[in-house]
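**Student:** Okay, here's the structure, questions in a sec.
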């Protein structure tokens with residue numbers, strides 16, 4: 001026992017890097033798939049009707065999120081029973097496998113419908129792996145850095161900004177330097193191949209971070225570990241609050257990822273315009289998310305998150321209306337930058353708020369289940385819902401309606417969290 005107590009604690013930088021690397025790869029793959037959805041639809045789906053092909057590509061994007069709650073139950077439960085580090089290494093390896101499948105998949109012209117099925121399987125593997133990522137990684141950070149929970153957990157979301165930033169940089173370079181024919185032929189695979197480089201490095205870093213020291217309450221807990229059963233039986237309200245709190249920010253996140261497709265197909269802008277705007281949004285998130293997380297360590301998360309959700313509800317439709325009435329790169333950059341500001345201000349404290357809803361023994365499972373149901377409902381479906389609303393209403397600003405629904409859900413959930421006692425045992 002003495003050996004365990006005297007082992008040197010890993011540095012905060014190593015803990016944050018180990019926790020965030022998988023989340024970064026997950027969101028990099030999400031951003032790349034969303035950014036290059038037009039090219040993916042032409043390569044792997046029947047392109048006789050481009051609109052139908054795009055809907056199928058976005059539908060595959062959305063369907064992969066349906067398996068995330070399954071991954072949350074399996075990998076989150078594994079993390080609570082066996083440990084954060086082995087669960088996180090497994091989820092990262094599975095994500096790399098899914099990405100590799102996309103890189104090497106033959107086109108629809110070569111193998112027909114099997115290409116479409118292959119892409120669906122790849123996204124399902126990625127979705128299953130991602131299901132256990134957020135809860136385990138956030139639990140690792142807040143348990144290693146208990147006095148800086150807000151700041152530490154904010155790096156989960158900051159890593160998403162870094163991923164979107166990298167994806168936007170690569171997208172901007174490719175759409176600027178390559179012809180449309182070259183991009184369609186092979187260039188769109190390049191950003192997925194770049195993502196493969198993260199896997200071995202991430203697994204190496206994660207295996208060098210030990211488990212956090214258990215609290216006194218956790219050491220005294222000798223009950224058999226059945227985290228999935230306990231979460232579903234005793235923490236249903238906490239799961240619902242997690243889903244609601246996540247709604248507006250994950251919806252905004254996926255809406256920003258959808259912007260390149262929206263800019264090309266709806267606003268009629270150049271391919272590079274959406275990537276440039278997303279690049280600016282990533283820079284804003286990179287600054288705002290850790291700042292708001294740091295502030296939440298002093299004031300508490302709800303005092304920052306409530307104004308953020310309210311501002312999103314009030315401003316999102318005018319921002320979309322501005323893009324539609326004055327389409328252009330400058331306006332697109334301003335709008336995406338403001339959307340990123342709203343998202344970052346709300347996002348930073350979110351990890352701490354969700355972690356505090358669950359005790360240590362079921363934290364990874366509880367967060368994973370709530371997070372992935374929320375992402376499936378308000379995130380993965382967002383590009384598909386946005387595309388559907390555009391066709392159903394004929395209103396170019398219609399995607400804003402979906403964000404407004406999510407903002408109302410988040411306002412209600414965060415308001416309900418105001419007086420809850422944090423679970424830190």
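Cβ coordinates are placed from backbone N, Cα and C, and glycine is handled just like the others.
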**Student:** Checking feature assignment: transmembrane segment per TrEMBL, candidates 87-105, 106-124. Which range matches?
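**Tutor:** It is 87-105 that TrEMBL describes as transmembrane segment.
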**Student:** So which range, 209-228, 329-348, gets flagged transmembrane segment in TrEMBL?
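**Tutor:** Checking TrEMBL against the ranges 209-228, 329-348, the transmembrane segment one is 329-348.
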**Student:** From the ranges 126-145, 186-205, grab the one TrEMBL calls transmembrane segment.
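**Tutor:** Matching range for transmembrane segment: 186-205.
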